[in-house]
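**Q** Next up is a structure, given as C-alpha cells.
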Amino acid sequence: MVDVTDVSSVTPIIGRLTVVGLGLIGGSFAKGMRQSGLCTEVVGCDLDPVARRQAVPLGVVDRVTADLSEAVAGADMIMLAVPVLGMRAVLEQLAAMPSQTAVITDVGSTKGAVVKAVEEVFGRVPSNFVPGHPIAGSEKSGVEAARADLFKHHKVILTPLEDTSKQALALVQQCWQALQADVEQMSMADHDEVLAATSHLPHLLAFSLVDTLAGRNENLEIFRYAAGGFRDFTRIAASDPVMWRDVFLANRDAVLRSLDAFTQDLSRLRDAVESRDANTLLGVFTRAKSAREHFSTILARRAYMEPMQTKSINFVASPGGKVQGQIRVPGDKSISHRSIMLGSLAEGVTEVEGFLEGEDSLATLQAFRDMGVVIEGPHHGRVTINGVGLQGLQAPPGSLYLGNSGTSMRLLSGLLAGQTFDTVLTGDASLSKRPMGRVAKPLREMGAKIETADEGRPPLRISGTGRLMGMDYSMPMASAQVKSCVLLAGLYASGSTSVTEPAPTRDHTERMLKGFGYPVKVDGATVTIESGHKLQACKIDVPADISSAAFFMVAASICEGADLLLEHVGINPTRIGVINILREMGGNIEMSNEREVGGEPVADIRVRYAPLKGIEIPVDQVPLAIDEFPALFIAAACAEGRTILRGAEELRVKESDRIQVMADGLITLGVKAEPTPDGIVIDGSRIGSGSVESHGDHRIAMSFAVAALRAEGEIHIKDCANVATSFPDFVGLAQGVGMRVRLEENA
Ligand code: S3P
C-alpha cells in the first residue's frame with residue numbers, strides 16, 4: 001500500500017491518467033493518484049469552466065481541458081467520473097475516437113446501467129473496461145471538496161465481467177489500493193441489489209422525510225426542536241440531488257424491489273400502531289436494535305461480505321503475571337443456547353438471567369428473532385422471551401446465519417426438521433468446514449429432508465415436511481449436540497424418540513426440558529421423549545460457564561502464588577472433567593457453597609497454585625472435558641513428566657483441529673508435543689516464546705494466553721476475534737486477576 005503523502009519510493013505504473021468529470025469523486029481520485037506517484041501525468045476533463053479553473057491550483061490535476069479527445073489522447077487509463085446518466089454521452093464520444101487501448105474504468109454508483117450503456121455504445125463490453133464503485137462520499141460536492149484521502153479505509157467494489165482483462169482489473173485494483181481503499185469484487189447484479197437496499201433506499205427515505213416535514217405548516221417548530229435522531233437519520237438528505245435523481249432512474253428495478261418490501265413493512269407497522277399491537281412493535285424494534293448493534297459482525301457477514309471483515313485481533317501475552325482475586329466468568333454457552341430455544345418454543349414468557357452475550361448464543365437468539373419470536377434483551381445477561389409455543393415459529397425471511405456456532409447449527413437442525421417451512425442454515429468459514437452428516441443422518445432416518453454441501457458440510461437445506469417419525473437412535477460418537485438435535489426433533493415426531501449414548505455427555509437439554517415441564521425419561525444411557533406435550537415458560541438462571549472458568553483454573557494451577565475464587569460456576573457432573581483431570585494432576589481445587597439453581601448444580605471454586613504432574617488422562621473423562629483440552633494441554637506442558645491423551649478424536653472436528661493446532665503452537669513455544677490420531681502426548685518442559693496461530697478458534701487463543709504465565713518471553717497469538725463467541729471480555733477479566741495479556745487490533 002502506498003502512503004499518498006510519500007511518493008519518494010514509488011515507481012509510476014501508468015504514464016497518463018485521464019479523469020473525466022472533476023466532481024468530488026473524480027477530483028479526489030485524480031488528486032490521490034497524483035500524490036501517489038503511480039502516474040506521471042494526470043489530465044482532467046470537465047465541461048464546467050469553474051471546475052476547470054480550480055482544478056490545477058487545487059493540485060487535483062496537472063492540466064485540464066474541456067475537450068475529451070484532447071484529454072484522452074495518449075492516456076493509459078481513463079477514469080469516468082461523470083454522473084451515471086451523463087455516462088452515455090461520454091461513452092459515445094469515446095467510441096467515435098480511434099480505438100482505445102487505455103484501460104477504462106468508472107465510479108458510477110449503479111453498475112447495471114453503466115455496463116448497459118457501454119454495451120450499447122460499443123456493441124459489446126470491451127475487455128479493457130473495468131466497472132467500479134467507490135463507497136465514499138460526503139455531503140460536500142465539487143472539485144473544491146476533493147481530498148486525496150477520501151477513499152482511505154472505504155470500500156471500493158469492482159464488478160468485472162466474464163471477459164474483463166485480468167491485467168486491466170489488476171491495474172484498477174492497484175490504483176484504488178494506492179489510495180488506501182479496501183477493494184472488493186462482486187457481481188454486477190449483487191452490487192446493484194445490495195446498494196439499492198443499503199444506500200439508495202435510505203437516501204430516498206431521508207429525502208422524503210425531510211420533504212414531508214418541511215412541507216408541514218408547523219415546519220419551523222419541527223426543525224427548531226429537531227433532536228439528534230432526526231439529524232442523524234436525515235443527514236444524507238443534504239446529498240447531491242442531481243446525482244441521486246440519476247441513481248434512482250438508473251437502478252430503478254432494484255430500488256423498486258427494496259422500496260416495495262419496505263413499504264409493506266411500514267404499513268404493517270402503521271397497522272400495529274393503529275391497533276395498539278405492542279407485541280409486533282416490540283418484535284420489530286428488538287430485532288432491528290440487535291441487528292443494528294451487531295451490524296459489523298453478524299449483519300455485515302450475513303450479506304455478501306464475509307471477506308469484508310476488516311479488523312483482525314491478536315493477543316499479546318507477556319510472561320509472568322499473577323492470578324489472584326475473585327471473579328465470575330460469563331454464562332454457560334450450552335445452557336444459554338438452550339434457554340433461547342426452549343423459551344421460544346414454550347407457552348408464556350421465559351425470563352433468563354446470566355445469559356452469555358457472546359456471538360454464538362447471540363446467533364441462536366437472532367435465528368429465533370428471524371423466526372418471529374419476540375425476545376427482549378440481552379441486557380446485562382437478562383433476556384425475556386415471549387414464547388410462541390411448539391407450533392408458533394414462522395418461516396425466516398432468509399437463510400439463518402449462525403456464525404461460528406456448531407451448537408446453534410446442530411441443535412437447530414433437529415427442531416427445524418420438525419417445522420412446516422423450509423430453512424437454510426449457514427455459517428462462517430470455520431463452521432462451513434464442520435461435519436453435519438452426524439445430525440443429517442439420524443434426522444433423515446426420522447423422515448426429514450436435509451441437503452448438505454459435499455461431505456456433509458454446511459450449508460444445510462432443511463425442507464419442512466412436518467412429518468417426522470420417532471425412532472431409537474444409538475449414537476456412534478459421544479456428542480451432546482447430536483443427542484440434543486435428535487431429542488428436539490423428537491418434540492415434533494410421531495410416537496417416542498430415544499437416544500442412546502456410548503458415554504455420558506452433557507445433559508442440559510434433558511434437564512431444561514424437565515424444567516419447562518416436558519416429560520423426559522432417562523434410563524441409564526438412554527433418553528426418551530414423546531411428542532404431544534407442551535413446554536411451560538419458566539425462569540432460568542444460567543450459571544457461569546465451567547468451560548470459560550477452565551482457563552482460569554489452569555491459570556491459577558500453573559502460576560506460583562496464585563489463589564483465585566471463581567463464583568457461581570456450573571458443576572453439572574457431565575461437565576466437570578476438567579476438575580477431575582486437574583485434581584489427578586495434583587491441582588489444588590476446592591468447591592464450596594454447592595447449591596442447585598434451576599435444575600443445574602452450581603458452586604464457587606477456589607483454585608490455588610500447585611505443582612502438577614503428567615498423567616494418562618482417563619478415557620471416561622474425555623467427553624466430560626471435551627472443550628477444556630486446549631487449556632488442559634497448557635497444564636500438561638507445565639506439569640512434570642508426560643501427559644497422554646487418547647480417545648479424543650472428536651477434538652479434530654471442533655472449531656479447529658484442536659489436536660494439531662495445539663501441537664503446532666506448543667512446538668513453536670519449544671514444548672515437546674506429539675499429536676496422535678486420537679490424542680496427544682505432551683512432555684512437561686519450559687515454555688519459550690513465539691508467535692502462534694489460533695486458526696480463529698476461541699479456546700486455542702485463550703489457552704495460549706494462559707501459557708504466558710509460565711513462558712520465558714512474549715507469546716503472540718494470531719486471529720483471536722472469535723474469543724467473542726464464548727468469552728467476550730476474556731482480556732478484561734484476565735487483566736483483572738493479574739495476567740499480562742493485551743489486545744492488538746490490525747485494520
Ligand atoms: C455442546 C456439545 C459439545 C461441545 C460444544 C457444546 C453442546 O459438542 O464441544 O462446545 O452445547 O451440546 P459435541 O456434542 O460435538 O461434543
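Glycine is treated like the rest: Cβ placed from N, Cα and C.
Per TrEMBL, domain 'Prephenate/arogenate dehydrogenase' is recorded for 15-303. According to TrEMBL, the feature phosphoenolpyruvate binding site maps to Lys333, Gly406, Arg434, Gln481, Arg658, Arg699. The feature 3-phosphoshikimate binding site is assigned by TrEMBL to Lys333, Ser334, Arg338, Ser479, Gln481, Asp627, Lys654. Per TrEMBL, the feature active site, proton acceptor maps to Asp627.
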**Q** Among the binding-site residues Lys333, Gly406, Arg434, report those whose Cα falls within 10 Å of that of Lys654 (3-phosphoshikimate binding site); none is a fine answer.
**A** Gly406, Arg434
**Q** Whole-number Å only: compute the distance from the Cα of Gln481 (phosphoenolpyruvate binding site) to the Cα of Asp627 (3-phosphoshikimate binding site).
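**A** The separation of the Cα atoms works out to 13 Å.
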**Q** Provide, as an integer number of angstrom, the distance between the C-alpha atoms of Lys333 (phosphoenolpyruvate binding site) and Ser479 (3-phosphoshikimate binding site).
**A** 16
**Q** Let me make sure I understand the span of the phosphoenolpyruvate site: among Lys333, Gly406, Arg434, Gln481, Arg658, Arg699, what is the greatest distance between any two Cα atoms, in Å?
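**A** Answer in Å: the longest Cα-Cα distance is 19.
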**Q** Counting only residues 6+ apart in the same chain, whose Cβ is under 8 Å from the Cβ of Arg699 (phosphoenolpyruvate binding site)?
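**A** Residues satisfying the criterion: Ser547, Asp627, Pro630, Ala631, Lys654, Glu655, Arg658, Ser726.
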**Q** Just to verify: the residue among Lys333, Arg434, Asp627, Arg658 with the fewest other Cβ atoms within 10 Å, which of the binding-site residues is it?
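**A** Lowest Cβ count within 10 Å among the binding-site residues (Lys333, Arg434, Asp627, Arg658) is Arg434.
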**Q** For the domain 'Prephenate/arogenate dehydrogenase' (15-303), report the average pLDDT of the model, please.
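**A** Mean per-residue confidence for the domain 'Prephenate/arogenate dehydrogenase' (15-303): 90 out of 100.
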**Q** Expressed to the nearest Å, what is the distance separating Ser479 (3-phosphoshikimate binding site) and Gly406 (phosphoenolpyruvate binding site) at their Cα atoms?
**A** 12
**Q** Given the binding-site residues Ser334, Arg434, Ser479, Gln481, Asp627, return the subset with CB under 6 A from an atom of ligand 1, ordered by sequence, or none if empty.
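**A** Among the binding-site residues listed, those whose Cβ sits under 6 Å from ligand 1 are Ser334, Ser479, Gln481, Asp627.
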**Q** Restricting to the same chain and to sequence separations of six or more, state which residues have a Cβ under 8 Å from that of Arg338 (3-phosphoshikimate binding site).
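**A** Long-range Cβ contacts: Leu411, Ser484, His508, Thr509, Met512.
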**Q** I want to check the contact list for Gly406 (phosphoenolpyruvate binding site): same chain, sequence separation of six or more, C-beta distance under 8 angstroms. What comes out?
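**A** In sequence order, Leu431, Arg434, Gln481, Lys654, Glu655 meet the Cβ cut-off.
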**Q** Does anything in the same chain, at least 6 positions from Ser334 (3-phosphoshikimate binding site), have a Cβ under 8 Å from its Cβ, and if so what?
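**A** Listed in sequence order: Thr407, Ala480, Arg506, His508, Asp545.
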**Q** I'd like the Cβ neighbour count for Ser479 (3-phosphoshikimate binding site), meaning other Cβ atoms within 10 Å of its Cβ, all protein chains included.
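**A** Step by step: centre on the Cβ of Ser479 (3-phosphoshikimate binding site), count other Cβ atoms within 10 Å, giving 22.
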**Q** Looking only at Gln481, Lys654, the binding-site residues on record, which one has the least crowded Cβ, with the fewest other Cβ atoms within 10 Å?
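**A** Counting other Cβ atoms within 10 Å of each of the binding-site residues Gln481, Lys654 gives the minimum at Lys654.
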